[in-house]
Amino acid sequence: MNILEYAPIACQSWQVTVVGAGNVGRTLAQRLVQQNVANVVLLDIVPGLPQGIALDLMAAQSVEEYDSKIIGTNEYEATAGSDVVVITAGLPRRPGMSRDDLLGKNANIVAQGAREALRYSPNAILIVVTNPLDVMTYLAWKVTGLPSQRVMGMAGVLDSARLKAFIAMKLGACPSDINTLVLGGHGDLMLPLPRYCTVSGVPITELIPPQTIEELVERTRNGGAEIAALLQTGTAYYAPASSAAVMVESILRNQSRILPAATYLDGAYGLKDIFLGVPCRLGCRGVEDILEVQLTPEEKAALHLSAEAVRLNIDVALAMVSDG
């Protein structure tokens, strides 16, 4: 065979659009292409920014020998035909800010980004990363009109990962041997569940004193604020990007992994018409199943309190977009 005449057969090639080329967006793009999860279109409104990042990552390709491609663009038309859209655009919080403080600043950014991206990729699955996470996910669902199973928010994977990291550091254990579960909104009222946390199958309640467990739980709730205070000029982005990448991979490769995500609830856990962090099965259709874990009356009350905090901000966000 003459090698010059060889024409490869066209194969399935996934495409992910990442809206926002800030720290989280660019790191997510890097994770996806370096792990050969998908080709990436990185979009940002700043001229030259996504193009420069994409060029740098394509140069890295020759060093690390991954196959996925990335392009940078300022135009939504270039994102057409994406299988997954991830919204990371928005202002990050600064030291002393809560995630809810970002509501007014990010509502219109998320609404516009979701509308435009889905206009060119109407069959895509939508993942929201922008804070305040649960509210922004609900908002993106409303403005796009997508089926609820095709919209989700990245928070539970991140919150559970932070709790896992703190347990690993406390016990000197391997993080991959640890399983954790955090429910609720991505904020101060999130609900870590220590009794569902294990190390190689052993409940952490048998390994760590109750007071220390409570300290780890509280540190998990404040994990993002702790990092923002240390960085002073920014907030976390490595772990958020890795968490979003895990969700994208489970969807595109139809892995059906059970991961905690901000998911639309229509009766599960006694909650309706809200996006909140719960364990769910992620596959090629998006959220394929919601798992209801057994909660004590106290845990259920705490979950509903977290939901009410999210619900209060949903109406505010919808009004902001409507007024805009």
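Placed from the backbone N, Cα and C atoms, the Cβ positions cover glycine too.
If you look up Swiss-Prot, you'll see H186 marked as active site, proton acceptor.
Under the three-state DSSP scheme, G20 (NAD(+) binding site) falls in the coil class. Residues or ranges marked as NAD(+) binding site by Swiss-Prot on the basis of sequence analysis: G20, A21, G22, N23, V24, G25, D44, N106, V129, T130, N131.
Taken from Swiss-Prot, the feature substrate binding site covers R93, R99, N131, R162. For R162 (substrate binding site), the same-chain residues 6+ apart in sequence whose C-beta sits under 8 angstroms from its C-beta are R219, T220, G223, A239.
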NAD(+) binding residues G20, A21, G22, N23, V24, G25, D44, N106, V129, T130, N131: largest Cα-Cα distance, in Å and rounded to whole number: 17
Most crowded position, judged by CB atoms within 10 A, among V24, V129 as binding-site residues: V129
Conformational class of R162 (substrate binding site) under the three-state DSSP mapping: helix
